[in-house]
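*Asks:* Dumping what TrEMBL says about this protein:
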- 229-246: compositional bias 'Basic and acidic residues' (COMPBIAS)
- 6-66: domain 'HTH iclR-type' (DOMAIN)
- 67-232: domain 'IclR-ED' (DOMAIN)
- 223-259: region 'Disordered' (REGION)
Amino acid sequence: MAEPSTRTVARALELLAAVCDAGDLPLTDAARRTELSSSTALRLLRTLEGAGFVRRDPDGTFRPGLRIMQLGAQALSSESLVSLAADPLRRLVEATGESCYLSVPHLRGARDGHGIYLAMEEGTHSVRHTSWVGRTVPLDGTAVGAVLRGEAPTDGPEAGYVVVEDAVESDVTAIAAPVRVATSAETGPGAGAIVAALSIVAPSYRMSPQRAADHGRLVAQEARGILHAAEDHTPQDHTAQDHTPQDHTPQIHLEERDR
């Protein structure tokens, strides 16, 4: 007899919650935590993986997928998330002079590997990066992509941020850090589900290794601040802004400000 659909859904949600709470979870641990057989847990996790809610590493460990991250950002609502990031973006521009962005996984992100730029604060340098708001960015090989996929280091000299040069266009450097929302009682580096990325985009000639490290620490600090603000924030019933992306990969445009 087929398993009742409501029970199947409940078990799948229990598995999804277990993976999100742990951050990464082998099959045996996922089955044990949800009191399911390994075969049932694997069947449900494969279904969740196919829908983008979890992803599986080469060693078989399951992690939260891009779809659940995108839904996490939607739970805050795009408008609320943009509001929470407004002051951090402004402070980053004041401290660095570079253009700064807030990005989230696109609705199609789990399928075609893209993020979307929700908001920006324009830099103050005469040569600066212009707006990408509403456009998509590939996740493969980019700083934003590495962050949204949970690949930012959690220890060492570059803990909490990613620096990538020449990813979308030559002579451009991007520095990104994850915005997390706590999913359990866990604390410390790497705790919480990644729902967005905070980033700086600048011409590479201004970005020495030391400056990139200094800026990276600033971006990571401001991204952590959004987490703390989100924990105290009660989402309102706002209508999400229309951030429909263009159908092409964004190109860098650096312009000379009128003197």
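Numbering starts at 1 and runs along the chain as displayed.
Just so it is clear, glycine is given a Cβ too, placed from its N, Cα and C backbone atoms.
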*Asks:* Please list, for the domain 'HTH iclR-type' (6-66), how many residues fall into helix, strand and coil according to DSSP.
*Replies:* 39 helix, 7 strand, 15 coil
*Asks:* Can you tell me the mean pLDDT for the domain 'HTH iclR-type' (6-66)?
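*Replies:* Taking every residue in the domain 'HTH iclR-type' (6-66) and averaging pLDDT yields 91.
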